Structures are given as C-alpha cells and as structure tokens.
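Below is one structure, written out as structure tokens; comments come after it.
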Amino acid sequence: RGENVRPTVSIYCPSLEQRNSGSASTVCLVDKFYPGGAQVTWKGDNKVISSGVDTSDKIKDKDNTYSMSSTLTMSSEEFKYSTMTCEVTHPTLTPALAKSFQTSECTF
C-alpha cells in the first residue's frame, strides 16, 4: 500500500451494568490507518492517565490498513472525571485526533 490513510477513532462509555459492578472500562477503537505507527493516549479532564491501560497490537486488515483498540479500566470510584478523552497520534494527523465524551452522558 503506498498512500497514507487517516484513522477513524471511536470512543465508548463504560456500561452502566459494569459501573454498578464496581469497575469502568472505556474503549477507544482506531480503525483503517496506514502506515502502522498509531499511538493512543488517555486523558481524564486533560490529565494523562497511564495506569489501567491495555492497548492491543495492531491488526492488519484485508485492504492492508491497520486497526487497533485501547481499553482504559478503573474502579467506579476512580471514574470521576467529567471528560474522558482518547487521543490518537499518527503520521497523517497534525495535530493529534482526540475523541471525548462527558461522563455525565454515560447513562446507558
């Protein structure tokens, strides 16, 4: 594959069912990018969060682009940020691409 492809980024709230069980996992999906050098940074209220992060290896798709996911898990007590952000850096992104949600919106 010759041309660079910008990733699409999606972020998902932890489910209410999971939060009620004592933990909260927020997922960031990074899809369809090339070349493979994408990185994910998690932020809570614009502060970098490094503990509880599990980022998958990138997976090569049939069209020779890559996809990956990153999951941030914390206890329900720690899930007190008002804004959660997944920030993706990639050679095609200047500046980095950030997707966020307000934790008050995570009611489903």
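Positions of Cβ are set from backbone N, Cα and C atoms, glycine also.
Bond annotation: of Cys28, Cys106, only Cys28 is listed by Swiss-Prot as forming a disulfide with Cys86. Look at the disulfide-bonded residues Cys13, Cys28, Cys86, Cys106 and count other Cβ atoms within 10 Å of each Cβ; Cys106 has the fewest. Sorting the domain 'Ig-like' (7-102) by DSSP state (H, G, I as helix; E, B as strand; all else coil) yields 5 helix, 54 strand, 37 coil.
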